[in-house]
């Protein structure tokens, strides 16, 4: 539980957010597939990414942790050992889905399990296409929900149109495709984060990307490499919005990943009237990186849907906070995927912001918010066990009148362990 009072002064300073969760997951998993030592600098030491490390260690991969650096001693595409126990993915959907793709072709039995939240998340979206490739995966409720029981099998490539825009599904199929006996062609309905494609390209995989199509040919051994993980734009988003809504604020957020497939939050906030500038733009380990300068502004309402949704799907809860304090009516459509995240994020953010005085109405695939500056009041709100809901409500509390209490606040450790310390530093 955390008590948060209205911000009494502008947020000013030079900050760095925790490392990118998506890239950290992929870096450690792909490194396990490359023979030799890979080095991952600025690896995110959070509950979700450590679940991936734990699963890989149970599969025989040596991973040495040195401060924020990980040294991974990969054993090749076929170098894994049969686990002696169930592989615990914790709360991490990325761990479970990517590991399912990796394990589908391994010549042994493995079982993937998660916590109560993860075991309610849909898995048929990976089980069906992996099954077409030849995978043998069983799951609860007619193949819908974890635990997953995987009996390794010989896989064939496939040509597949993804029914949902999901980078986790795409990445699971790409991992399976590395061990298939023929080429795989994947087509996305909308562009999703492309960290897997960039990383596999850098590691020497035979992969070609053309718009929404990905073509991957098996047979090439991945090369061990060194990664430097940038700051997570999804974590930076909380401070982008905080600086935008607290009068007089100006923050410099250093070393943030600004991959175009993830940077929808910057574009949409700027369209709302935010003042976010990118400086010192560079490319590090194949990923675009920049320093962000964010200062206070009066925000205007906006409607979002379509192709931008996958590019800011994780940022929609904090975007709802910005919309609640913007002038006018905002609408989010096409975001039904939020209902099957760690919690039903549409219901969670709608219910909890309403407790703080927001005029918000749920839709099946989003919400409508009638925003008004200075409209929020303090209250007792719940994270629903979801890290992004907790951090979004914390930012809302800074702009609300009076004290707020956030229940189950330590859930931020899933993705951003330093969140509360950083927030306290900026507001003390």
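Cβ coordinates are placed from backbone N, Cα and C, and glycine is handled just like the others.
Going through 62, 191, 341 against Swiss-Prot, the one listed in the 3-phosphoshikimate site together with 21, 22, 26, 166, 168, 314 turns out to be 341. Put simply, 341 is the one of the binding-site residues 21, 22, 166, 314, 341 whose Cα lies nearest to the Cα of residue 93 (phosphoenolpyruvate binding site).
Within the set 21, 93, 121, 168, 345, 388 that the record links to phosphoenolpyruvate, no two Cα atoms are more than 19 Å apart, and one pair reaches that distance. Taking the Cα of residue 21 (3-phosphoshikimate binding site) as the reference point, the closest of the binding-site residues 121, 345, 388 is 388. Looking only at other Cβ atoms within 10 Å, the busiest spot among the binding-site residues 26, 341, 345, 388 turns out to be 388. Of all Cβ atoms in the protein chains displayed, 26 besides its own lie within 10 Å of the Cβ of residue 22 (3-phosphoshikimate binding site).
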